């Protein structure tokens, strides 16, 4: 059946070139605007035997490739490759599926452990819409596409042919062998960080970050009470985090081990870290560039370094502002600068002397204006060094 819009299509097809030779109904649809058409790749029996999606062939519980799921659960694939043995094995699986309630996988997968730490860490909790993008236009790569914006395919440069992700096929993904996407995820799992307990045995507090507005203290208590007695739960709504203090150190270590990188509450992946003592939070946090929440702060490039410490009070440096020789005599004072070019110097006796020697018989110099007592005013005519100072003073007073 095919409608006018081309959004839904079903047909009966044989998948002998893919997984099995059983006829099944193929559904074809478009997930959205500017997306490529998707279709079912395996029959329902094959998908139920592996507990995977009929279209993307990813695990229905974790959203991971089959090879990653089987590695995390230590499940060995036992599906035969030959057509005769595969048909016999499929008939037995169909009988087992019919006798089950449909809520649990069948075969070796149904006997496997219910969860795995590695799978919980790698599990995807948000939709991945990039897999719905259209394929790359081969005509555009060759420079021959004439559709422009009406082309339903992507006009992008293809990936490197040597990239392992560029060589994928549906059989390897279904049987869980030589899957480049699974190899990439398994390498990521091997390099995941670990949460080591602190050396201070008195620390029994865990830091929970990324709460958002949906996670409450009741949600945290319902998850962490299974690891031991909880003393206090403190939620800092402003920073969207919480601090859970356990009664014993063993309970805190068990909760950290079981919840690190795999804690999901109300659809949110939460961050689990060890708390810090008050002394370490105040001293070591500033020295090592660690914030109060326990996250390490990266240095900001371009900022100047720390300033040098100020000199000690008992070692006050000398105030030598003119870089004079300390061994020279301080007798030379009042060094006047020469006049600018083009201006004649004042006559002798009417300007400040170029060099005024502080001899033993010389009259004392008047104190500076800032150090004179209030009420005392010094006039230039009162300067005994100026010519006619006494005459001008006598004429002012009528002498």
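Note: Cβ is positioned from N, Cα and C throughout, glycine not excepted.
Taken straight from TrEMBL:
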DOMAIN    131-158  domain 'C3H1-type'
DOMAIN    204-277  domain 'RRM'
REGION    372-399  region 'Disordered'
ZN_FING   131-158  zinc finger
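Mean model confidence of the domain 'RRM' (204-277) amounts to 89 (pLDDT, 0 to 100 scale). For the domain 'RRM' (204-277), residue counts in helix, strand and coil come to 22 helix, 28 strand, 24 coil, using DSSP.
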